[in-house]
Amino acid sequence: MGDDIEDDISHPNPVGRLSVFYYGVGHMLNDITAACWFTYLLLFLTDIGLSPRDAATVMLSGLMDFTIFSGELIDRFGHFKIWHGAGSVLVAISFSSVFGGCWPCEIFANHSSTIETVSYSVFAAIFNVGWAATQVSHMSMMNCISLNSTSRVVMASCRNAFTMVANLSLYAVALIVFNVSEAKTHADIENQYRWIAYLSIFIGCCFVGLFHLGTKEPRLKISVHGNCCSRVSWTYWFKKILYYQVGIVYLLTRLVQNVSQAYLAFYVINDLRMAQSAKALVPAIIYISSFVISIIMQEISWTGQRLKAYYSAGGILWIFCGASIFLLPRSMSGFMYVISICIGIANALMTVTGISMQSVLVGSDLNGCAFVCGSLSFVDKISCGLALYALQSFQSMSPKVQNSLSTNYISVTRCGLGLVPAFCSLVGVAVTYTMKLNTPCSKPLMEPLLE
């Protein structure tokens with residue numbers, strides 16, 4: 001056994017396609033619930049009567065992150081699949097409660113905005129605990145399945161492809177629900193989102209079961225010197241310049257995705273006055289194009305320079321998309337479908353390469369990989385929550401007031417979807433240019449490592 005591990009370290013083998021598939025489906029529950037969270041939570045909360053500030057408070061509660069603690073516990077005790085399974089159960093239970101209505105309001109027969117905000121915020125925080133455990137265990141597992149740099153990028157790409165499948169599944173469900181049922185009352189609105197949440201959980205749980213059936217617990221969680229008990233100290237990462245560079249790039253990439261996703265539905269309905277079906281159709285186009293690019297990226301042999309080049313290409317493309325969104329007049333709303341294709345391509349390029357840069361940072365220091373994933377995700381969640389809270393705080397006017405203004409009115413939604421992602425992409429490209437990513441030569445994707 002020891003000789004086999006040493007051989008894996010010296011000559012990292014590629015991972016089989018079936019193993020890549022089983023790994024890739026493992027984040028589906030997190031992805032589909034996160035898609036619902038960032039796309040429809042603000043709409044749901046404001047539709048049922050919460051103010052934009054209270055709605056942002058609920059979302060911020062769900063982004064108060066526990067990933068850094070999850071990473072430390074996983075590094076200390078191991079057992080990725082146990083953490084993944086426990087987190088998935090917690091996600092399913094708490095997420096259904098977030099969109100299931102205000103339980104304390106029914107118990108105390110009081111529907112004040114304060115009680116509603118506190119209720120939704122508590123369930124949002126619980127949801128995030130489970131989400132963090134699932135995310136960190138799944139992301140760090142990728143580094144322990146193989147030391148092959150190309151295989152790590154392939155797994156990240158497959159993971160991102162199924163993120164697109166999760167999002168497409170959500171929008172398919174949402175499109176059906178919004179077209180089948182009409183929301184005329186407060187109760188109708190709650191029922192719409194409740195059905196979307198329950199169906200999303202069911203779909204996600206099916207894929208989580210497939211992941212646990214097909215993926216074995218990784219056996220490469222060992223230092224390059226073969227000492228199973230050694231752990232990499234936090235300070236080891238803090239002394240690396242690359243840690244901060246990768247952290248900034250990952251943070252900016254997640255800001256681009258999350259902020260744009262949160263304001264996309266607002267933008268197409270309130271700013272461009274597109275049909276209600278556009279709330280599902282425009283995001284679906286983004287995810288289809290992103291899915292196609294993620295599949296194509298699995299066939300590329302990756303090096304550090306290629307990671308930088310593809311990330312920069314995605315960032316530059318997002319800059320043009322952001323400028324187009326900011327300047328797009330209501331009379332040319334149909335052009336949004338073309339922009340959506342470009343956004344999907346840019347998202348795939350930036351996400352896959354941004355996550356893969358973490359694998360380059362980790363290298364063979366596997367006993368600290370969960371901390372890396374957890375700490376970077378921690379900063380990502382906090383920054384996204386604060387960014388959305390700040391933008392929502394400026395969203396003081398209702399859609400009716402905005403609709404009465406001229407078409408030249410520059411809304412917070414337009415800035416959030418256009419300027420913020422474009423600026424983050426610009427900074428991300430600049431930081432990427434300064435990186436020194438060294439990756440070993442990788443073999444083609446042929447034989448499975450886990451068999």
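Yeah, the Cβs are placed from backbone N, Cα and C, and that goes for glycine too.
The feature transmembrane segment is assigned by TrEMBL to 20-43 (among others). If one looks beyond the transmembrane segment (20-43) by at least 6 residues along the same chain, the residues whose Cβ comes under 8 Å of a Cβ in the stretch are 52, 55-56, 58-59, 62, 84, 88, 91-92, 95, 98-99, 127, 131, 134-135, 138-139, 141-142, 145, 151, 154-155, 158-159, 161-163, 165-167, 169-171, 174, 193, 196-197, 200-201, 203-205, 207-208, 210-215, 258, 261-262, 264-266, 283, 298, 392, 445.
The transmembrane segment annotation in TrEMBL covers 82-100 (among others). Sequence-distant contacts of the transmembrane segment (82-100) (same chain, six or more residues past either end, CB-CB distance under 8 Å): 26, 29-30, 33, 36, 41, 44, 62, 70, 73-74, 120, 123-124, 126-127, 129-138, 141, 193-194, 196-198, 200-201, 204-205, 208, 211-212.
Within the same chain, residues 26-27, 29-30, 33-34, 45, 57-59, 61-67, 69-71, 74, 80-81, 83-84, 86-91, 93-95, 97-98, 102, 159, 355, 358, 369-370, 372-374, 377, 381 sit at least 6 positions outside the transmembrane segment (120-140) and bring their C-beta atoms closer than 8 Å to a C-beta of that stretch. Taken from TrEMBL, the feature transmembrane segment applies to 120-140 (among others).
Annotation source TrEMBL lists transmembrane segment at 161-181 (among others).
Below 8 angstroms of C-beta separation, residues 22-23, 25-26, 28-33, 36, 40, 44, 81, 84-85, 88, 92, 95-96, 98-101, 162, 166, 169-170, 173-174, 177, 181 of the same chain, each at least six residues beyond the ends of the transmembrane segment (193-213), sit close to that stretch. Among the features that TrEMBL reports, transmembrane segment is placed at 193-213 (among others).
The feature transmembrane segment is assigned by TrEMBL to 241-260 (among others).
Within the same chain, residues 39, 153, 157-158, 160-161, 164-165, 167-168, 171-172, 174-175, 178, 261, 264-265, 268, 274, 310, 336-337, 340-345, 347-349, 351-352 sit at least 6 positions outside the transmembrane segment (280-297) and bring their C-beta atoms closer than 8 Å to a C-beta of that stretch. What TrEMBL lists as transmembrane segment is 280-297 (among others).
Sequence-distant neighbours of the transmembrane segment (309-328) (same chain, 6+ residues past either end, Cβ-Cβ under 8 Å): 249, 256, 267, 272, 297, 335-336, 339, 342-343, 345-350, 352-354, 357, 410, 414-415, 417-423, 425-426, 428-429, 432-433. Taken from TrEMBL, the feature transmembrane segment applies to 309-328 (among others).
Annotation comment: TrEMBL describes 334-357 (among others) as transmembrane segment. Long-range contacts of the transmembrane segment (334-357) within the same chain, counting only residues at least 6 positions beyond its ends with a Cβ under 8 Å from a Cβ of the stretch, are 139, 152-153, 156-157, 159-160, 163-164, 246, 249-250, 253, 256-257, 260, 268, 272, 274, 278, 281-283, 285-291, 293-294, 297, 302, 307-308, 310-311, 313-315, 317-318, 320-321, 324-325, 328, 425, 428, 435, 437.
As annotated by TrEMBL, transmembrane segment applies to 411-433 (among others).
If you look at the transmembrane segment (241-260), the same-chain residues 6 or more away from its ends with a CB under 8 A from one of its CBs are 38, 311, 318, 343, 347, 350-351, 354-355, 357-358, 360-361, 372, 375-376, 379-380, 383-384, 387-388, 391, 416-417, 420-421, 424-425, 427-428, 431-432, 434-437.
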